[in-house]
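**Student:** Structure below; questions to follow.
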Amino acid sequence: MESSSMVFGEKDWLACCGSVKFAEEMVAAGPFSNYQEALDAAKDIWFNKVDVNGWLEAFAAHPQIGDSPSQSHKSPTSAQWSKGEQSTALTTATKSTLQELYEWNARYRQKFGFVFLIFASGRSTPEILAEIKRRYHNRPIVEFEIAAEEQMKITELRLSKLFSANATAGSTTKTPHATDVVTKAGEDRVSIIGGHLTAPTENLTAKPSQTFTRTRPPITTHILDVARGCPAAGVEVRLETWDSNQSRPVFGHTDLGRWKLQGSSATDKDGRSGQLMNMVNALNPGIYRISFNTGKYNPEGFFPYVSIVFEVRDSQKWEHFHVPLLLSPFSLSTYRGS
């Protein structure tokens, strides 16, 4: 017998993510019957419905790494969770590393305009210092998206805490068995998240358990118009795969008729494309091409269209491939996102 849906209020969702828009949308989307259902909704809301101001509002709800949350924090629960999430960093800090962290926090905020955000649970001060130094060299628009991804990791952890706490408190409408299931789900999720952060590089592509399911298609994209300082809306995007019965594509050789269309879409107001392929558990290994109709978006620009070809190997079929494009009239860049 399934447990009844869990009803949470706006303040509960604010504890998980400090964006009022996020909290309002979660209330509207609920109630949720289980943690996974809430997580799926949270990812969709955070990446597709919360705007730039909402992202910044959520970032601002976090204290600097190494600092205690403000006594006047709008969510006491969030403040308490922040303290716990930074516990490993604080216990591994020395006076000198803590001072260095304060200095780098200040440099980071001065450059990017928001607090350095990282999924800190289980991470030591030296680890966090190395990460802030590495990310400091990013372009602001790249770092902004990385921070949003880190916020989602934190939200994911806090959702598991919220559901676990609700289950532990108990409800007269829930059986002890249902309580155990929800609590165990939360504990497992925390363990999985921590494992991804601490696992050696060679283990990151290991096949997950058979219960693994995706919450978004395995290949996605996001286009940012650097010249205008905003997402690029209305850009046509195509995703294709190379015919595996043919020899591999070779630079400089004609390859007409050998690409198979997987899907096409146009970017929305946030610069994100619609679904380019079906939701699948394991992505078929092979060679993919994602193409952008940049000439139609900006007829005066330098690029009539842009195509990016990449290969997914068998060991990577469980991964998510995010291919952002940073576009300006006479230059572009891309990088492998997560």
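Glycine is no exception: its Cβ is also placed from the backbone N, Cα and C atoms.
Below are the features listed in TrEMBL for this protein:
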| type | residues | note |
| --- | --- | --- |
| DOMAIN | 15-159 | domain 'Oxo-4-hydroxy-4-carboxy-5-ureidoimidazoline decarboxylase' |
| REGION | 65-89 | region 'Disordered' |
| COMPBIAS | 67-85 | compositional bias 'Polar residues' |
| DOMAIN | 219-337 | domain 'Transthyretin/hydroxyisourate hydrolase' |
| BINDING | His222, Arg272, Tyr335 | substrate binding site |
**Student:** Using DSSP, how many residues in the domain 'Oxo-4-hydroxy-4-carboxy-5-ureidoimidazoline decarboxylase' (15-159) fall into helix, strand and coil?
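**Tutor:** Going by DSSP assignments, the domain 'Oxo-4-hydroxy-4-carboxy-5-ureidoimidazoline decarboxylase' (15-159) contains 99 helix, 1 strand, 45 coil.
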**Student:** For the domain 'Transthyretin/hydroxyisourate hydrolase' (219-337), how many residues does DSSP put in helix, in strand and in coil?
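**Tutor:** Across the domain 'Transthyretin/hydroxyisourate hydrolase' (219-337), the residues distribute as 7 helix, 52 strand, 60 coil.
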**Student:** Averaged over the whole of the domain 'Transthyretin/hydroxyisourate hydrolase' (219-337), what is the pLDDT?
**Tutor:** 83
**Student:** In sequence order, which same-chain residues at least six apart have a C-beta under 8 angstroms from Arg272 (substrate binding site)?
**Tutor:** Phe47, Asn48, Thr220, Thr221, His222, Pro231
